[in-house]
Every structure is written in C-alpha cells, then in structure tokens.
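Enquirer: As annotated by Swiss-Prot, region 'Disordered' applies to 1-41, 225-301. Among the features that Swiss-Prot reports, compositional bias 'Acidic residues' is placed at 1-20, 249-261, 292-301. Sequence annotations record features per position, and here Swiss-Prot assigns repeat 'MORN 1' to 20-43. The compositional bias 'Basic and acidic residues' annotation in Swiss-Prot covers 21-31, 262-278. The repeat 'MORN 2' annotation in Swiss-Prot covers 44-66. According to Swiss-Prot, the repeat 'MORN 3' annotation covers 67-89. Positions annotated as repeat 'MORN 4' by Swiss-Prot: 90-112. Residues annotated as repeat 'MORN 5' in Swiss-Prot: 113-135. Look at Swiss-Prot and you will find 159-181 tagged as repeat 'MORN 6'. Swiss-Prot lists 279-290 with the feature compositional bias 'Polar residues'.
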Amino acid sequence: MSDLGSEELEEEGENDLGEYEGERNEVGERHGHGKARLPNGDTYEGSYEFGKRHGQGTYKFKNGARYTGDYVKNKKHGQGTFIYPDGSRYEGEWADDQRHGQGVYYYVNNDTYTGEWFNHQRHGQGTYLYAETGSKYVGTWVHGQQEGAAELIHLNHRYQGKFMNKNPVGPGKYVFDIGCEQHGEYRLTDTERGEEEEEEETLVNIVPKWKALNITELALWTPTLSEEQPPPEGQGQEEPQGLTGVGDPSEDIQAEGFEGELEPRGADEDVDTFRQESQENSYDIDQGNLNFDEEPSDLQD
C-alpha cells in the first residue's frame, strides 16, 4: 500500500461541462456556489470563481475517493482532506495539487505519518508510528525515505543514530530504560546466499549489521541533523515502498539489531547484538493507495 500510486483519476476537462446548478456572473461563468455532475460520473459541490473551482469545495470521484478542502483556480491548495478508496486518508496542507507542508497520513493498516511534506512526498521532519508494534521513527525524511538523524523508539529501548536509504548507518547507540546505553556502529555487510541463489546471477545484497563497542551510563543525545536536501525536480511522487514506493505493500527493510536481547561480551570479541528472535523488524511498512490527481479545467458554459 502507498499514500499514492501510479494510477491517476482526472477531473473532467473544460470541454466536458456536464450538468451545473448554481450561481453565475454577468458573463455566464460559474461564479459563487454551485453543484456540477460531470460526464464521467464525478461530482463537485462548492465555490467557483470565474468558471473555476475556487474556495471551499468537495470533489467526489466515482470510485469512492473524495477531496474536501480548499481550491485555488481548479487546484487543491490550502487545507484539505483526501480520502482514498481503500479508506486511508491525508489531512493537511496542499500546494498546486500536491501534499505540501504539514500533514498527517492515516494508512489502512492504522500506521500514521505526521510531519512535513514536499511535492507529495514525506520530506523534512516527521514521525512514523507503527500501529502493530507501537514503535515509531522520529526524525528526518528525504524524498519519501527515512534519511538523516533520527530515533527508532521501541517499548523498552530506542536506537539513536543516522539513517540512509531507509537503513541505519554509521555510529549510533541503543538506549535502554534500565539506565544504560550501548554504543556501536552499523556496518554494511553482504548477506549469505543459498546454493540455488549462487547458481543464478550474482546479486550483491548489502544489509546493515550492528557491531557493539561499549556500554555506558545514560547521556543526553543531541542529534546533528544533516544539511537540508535540495527539493526534487518536477512533480515529486512518493512510490510504494516495496512496490516501488507503496503500490504493492512495502519493501521490507530488514536490519539486524532493532529488537532482541542485549548480550554484553568481552571487549576483544565482535558482538552482534539485538538479533531478532522471531520476526525480523521491517520498520518502513508503508501502506498504499491510488493517487488521484485532478487535471486543471475551466468549468464554464
């Protein structure tokens, strides 16, 4: 699942006027409050200005999707709520038909993302809450991906460090509620492949692996945020992650070390801690839905 997808539903164009009931100006343009039923089965009720949707309105797609909020010259702009056919929804700011600014996305599996958006993508500071486990990622996002300084918070411990391409990288630490923290770093390593896999084309699968260094008392964590990333060129679209950004449900990110038991060992031994005992932690479980973009149109007779 994803908060947007590859399919687009377009609003009717200027040549497909449909039926209209409402106010008009002196030159006959739709102006004021009105209702329109479009030839494709979509409907719009709300404010018009000089023949275009402008102000508060509700646009209902024939497949059940619905947008209620602000329009500026036929485009979603300002505050608005978009409800998708699968029941997921976005509530927040829009700019030029894109999720842009502060907003909350409620996924169909009850996960939520709260934070900044840029060109339809999670971008900036944000919090992703995993409903099933109660864990949450709090930190930086770049073009829809977990990237930069962040905390991954679990029930009785948390990981503090940096992420890149949705994976933890470099120095970091695990902080435990019992009053201690373990310092170490995530190193990229090749995963083991079975015999059948080795016979096929050689594909390098790199995963982050935790190497513990030492245990200390609790200390204040001061994240150093990475420099602000430049905005993507053109229209940004967040793809199903695992789909490709969320069209198919997510691409599981499996990093050893987010959950498990702490096993302190001698300083001269390599220690891989927090191994998952049962189910590997996939901490970017985006759910998806279709993206319905409205094509600008001059709705006037």
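Including glycine, each Cβ sits where the backbone N, Cα and C put it.
Because the structure is a prediction, the values reported are computed rather than measured.
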Enquirer: Averaged over the repeat 'MORN 2' (44-66), what pLDDT does the prediction give?
Expert: 96
Enquirer: Kindly report the helix/strand/coil residue split of the repeat 'MORN 3' (67-89) according to DSSP, in that order.
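Expert: Breakdown, helix to coil: 0 helix, 16 strand, 7 coil.
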